[in-house]
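Taken straight from TrEMBL:
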type	residues	note
BINDING	A264, G265, E266, N334, H335, E394	S-adenosyl-L-methionine binding site
COMPBIAS	8-17	compositional bias 'Pro residues'
DOMAIN	252-374	domain 'SET'
REGION	1-25	region 'Disordered'
SITE	Y283	site 'Histone H3K4 binding'
SITE	D294	site 'Histone H3K4 binding'
SITE	T304	site 'Histone H3K4 binding'
SITE	K355	site 'Histone H3K4 binding'
SITE	Y373	site 'Histone H3K4 binding'
Amino acid sequence: MKQLSVPSPHPAPPTPAVPGTSPSGALTSAVIPGRRVHLQPWNPLLGFVATWHLDEDGLPHGFCTVTYSSTDRFEGSFIHGEKNGRGKFFFFDGSTLEGYYVDDALQGQGIYTYEDGGVLQGIYVDGELNGPAQEYDSDSRLIFKGQYKDNIRHGVCWIYYPDGGSLVGEVNEEGEMTGEKIAYVYPDGTTALYGKFMDGEMIEGKLATLLSIEEGRPHFELVPGSSVYHFDKSTSSCISTTALLPDPYESERVYVAESLISSAGEGLFSKVAMEPNTVTSFYNGVRITHQEVDNRDWALNGNTLSLDEDTVIDVPEPYNRVSKYCASLGHKANHSFTPNCIYDTFVHPRFGPIKCIRTLRAVEAHEELTVAYGYDHSPRGKNGLEAPEWYQLELKAFQASQQK
């Protein structure tokens, strides 16, 4: 089994909670998801801390640090009990919210940082997200760009996946990617599947070309005579309901032919020259468990690839023949100890979470694409490596060549 495993993509963060006030405007509580916590005065026995300057009415005035009963903390400026000026909430789960407060409400640019390091930057009006916003994952990659209205995504929005793909369209009243004019855009930024989506899931999409983007709004042109694609995640017994329908992005970039590697059978080749870090092909297959793979002979594991700690993707007989299955071709890439590609995670609009093949360096047209299968080289018991015999022989030959 090809062992390489990559963490799952970071999901888009939810709408952040917005701290609130009492009807009188006095700082008495903060609204946190699913609960209400109350401000406590200084009480050393209970451990609640409220550090501030008080006005003549006993209300916080000036720069204050307030710790709530939930251990949430606010640091910022107050004017007679109301938050006014820059301030920052530190929530018990590690997340924070900072910005500029006017009359106890967050106004203008606000920054919500999630406990995992993800960030939402948006415009707040009277304490609610209203206006343009961007969201980033913990690696500072953009994962959302669009508008919010009353704390809900609104209008034309873009969702970006770490693999380079994106989802774009006008969201519904619940802020979901649901409608007849939603599109998935492949990593090339041009090839798209356009049509009906339900909460981000493709119901019926046709091949289209992204012609332009004006003020965040995309313009697509449908390709005449396009096939119809739909979300078709594999199971343990069904690889695809449309096994002979090629992927349009992949079809423009790779083809299958006799491998240049001795005794390797078929291989995967580039149709066109490609730059480094280009997604070239997709690795879909039936989804089985690691235990099932471990309990069977190596001869049955020639096209297995670890997706995550629970799932293995497999392309078994007869689907390893392109006459029976050509919806994805990534399983045709052969092994090399000096590969020009790697396996990477991918969220595909048709196949769901799978692996893809991504170039490590620039490749020429008609160059064979190879990957390192990543078998564990640590000896395991008296039988040696956990790898098929052909791999062990190639490893010995490669190690010998490196010592010359």
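In case you wondered, yes, glycine gets a Cβ from its N, Cα and C as well.
Quick caveat, the model's predicted, so the values are computed rather than measured.
Overlay of TrEMBL annotations on the structure.
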residue	record	DSSP class
A264	S-adenosyl-L-methionine binding site	coil
Y283	site 'Histone H3K4 binding'	strand
D294	site 'Histone H3K4 binding'	helix
T304	site 'Histone H3K4 binding'	strand
N334	S-adenosyl-L-methionine binding site	strand
K355	site 'Histone H3K4 binding'	strand
Y373	site 'Histone H3K4 binding'	coil
E394	S-adenosyl-L-methionine binding site	helix
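A separation of roughly 5 Å, to the nearest angstrom, links the Cα atoms of Y283 (site 'Histone H3K4 binding') and K355 (site 'Histone H3K4 binding'). The Cβ of N334 (S-adenosyl-L-methionine binding site) has 18 other Cβ atoms within 10 Å, all protein chains considered.
Just so you know, the Cβ of Y283 (site 'Histone H3K4 binding') picks up 26 other Cβ atoms within 10 Å once every protein chain is counted. In this structure, the CA atom of Y373 (site 'Histone H3K4 binding') is 12 Å away from the CA atom of E394 (S-adenosyl-L-methionine binding site). Of all Cβ atoms in the shown protein chains, 15 besides its own fall within 10 Å of the Cβ of A264 (S-adenosyl-L-methionine binding site). Note on the recorded positions E266, D294, E394: the fewest other CB atoms within 10 A surround the CB of D294. Rounded to a whole value, the Cα-Cα separation of H335 (S-adenosyl-L-methionine binding site) and D294 (site 'Histone H3K4 binding') is 20 Å.
Reported as a whole number, the C-alpha separation between E266 (S-adenosyl-L-methionine binding site) and D294 (site 'Histone H3K4 binding') equals 25 Å.
Of the candidate recorded sites, D294, T304, K355, the one lying closest to N334 (S-adenosyl-L-methionine binding site) when CA atoms are compared is T304. The Cα atom of E394 (S-adenosyl-L-methionine binding site) lies nearest to that of T304, taking the recorded sites D294, T304, K355 as the candidates. Closest to G265 (S-adenosyl-L-methionine binding site) by Cα-Cα distance, out of the recorded sites D294, T304, K355, is T304.
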